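Participant: Questions regarding the structure given below will be posed in turn.
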Amino acid sequence: MRRIGAHVSIAGGIENAPMRAREIGATAFAMFTKNQRQWNAPPLTTQSIDAFKNNCAECGYHARHILPHDSYLINLGSPDPAKLERSRKAFTDEMQRVEALGLSLLNFHPGSHLNETGIDNCLNTIAESVNIALDNSSGVTAVLENTAGQGSNLGHTFEQLAAIIDQIEDKTRVGVCLDTCHLFAAGYDLRTSEAVEATFNEFDSIVSLSYLRGMHLNDAKLDLGSKRDRHESIGSGFIGNDGFAAIIQHPACDEIPLILETPNPDIWNREIEMLYQMEGDKR
């Protein structure tokens, strides 16, 4: 079965996220575990944790279908020692928050060298950062998200993702989330069934589909290889409906969270329904 949802708000408490996902007809969802614009956050209360778990059970959401995202402030490849240490502490805290919620995945952007160090050095730093977080948490998989190739952000090629994974000590606790807009912006074609098959095959040969833990389903506002992260509603961008039909029908997408981050939350319910229709609606 395909598990399709969106990145929902935690306003009013993290326990509200499952209910918001259910309201839009989602069978998976993503969320932040705290205010993503702040470094620090109070610990999750026992009441919020219990309510979150109860609401997930009531709405039928399993841990493997929930894809929390870490703060955008974190840079696990920072060339600045103080900022790197701050990022590592924040990322470890996010892993521990996910663990406390009874979840098993944490999605994150790899990191940026800020044009102050080499690519290989930054990839090594990112891997070391992930290893530190894994050593200080339990049962949570760190899920690398591919990037668009914008600026000095790393993770926009399958080779870079593979280089990070190669250095992770516990490979049972590392995975990948493929963002379709980022893939397309980085130069991986997704417009036809043939292109989708070729891109998945290339990922499998370089990284391995066994690491795929989720996807972000976003159309692209700009054309192939733009190196710019500009999301568009499904079917309204340069990837188009044919591309998303091929993606949603690909066997690699079975039973992993497929998360919308498209720009109009008011139509998420319609986009979810449209994607299910593309898949043949096997709910």
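Indices start at 1 and increase along the chain as displayed.
A Cβ is built for glycine as well, from the same backbone N, Cα and C atoms used for every other residue.
Just so it is clear, the model here is predicted, and its values are computed rather than measured.
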Participant: Which one, Asp120, Asp179, Asp189, is listed by Swiss-Prot in the same Zn(2+) 2 site as Glu145, His216, Glu261?
Facilitator: Asp179
Participant: According to Swiss-Prot, Asp229, His231 bind Zn(2+) 3; identify which of His156, His182 is listed for that same site.
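Facilitator: Given Asp229, His231 bind Zn(2+) 3 in Swiss-Prot, the matching entry from His156, His182 is His182.
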Participant: Counting Cβ neighbours within 10 Å across all chains shown, tell me which of the binding-site residues Glu145, Asp179, Asp229 comes out on top.
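Facilitator: That would be Asp179, with the highest Cβ count within 10 Å.
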Participant: Beyond His69, His109, Glu145, what residues of that chain have CB atoms within 8 A of the centre of the Zn(2+) 1 site's CB atoms?
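Facilitator: Filtered neighbour residues, in order: Asp70, Asn107, Phe108, Val143, Leu144, Cys177.
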Participant: Is any of the binding-site residues His69, His109, Glu145, Asp229 within 10 Å of Glu261 (Zn(2+) 2 binding site) (Cα-Cα), and if so, which, in sequence order?
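Facilitator: Matched binding-site residues: none.
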Participant: Out of His69, His109, Glu145, the binding-site residues in the record, which is closest to His182 (Zn(2+) 3 binding site) when you go by Cα distance?
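Facilitator: Of all the candidates listed, Glu145 is nearest in space.
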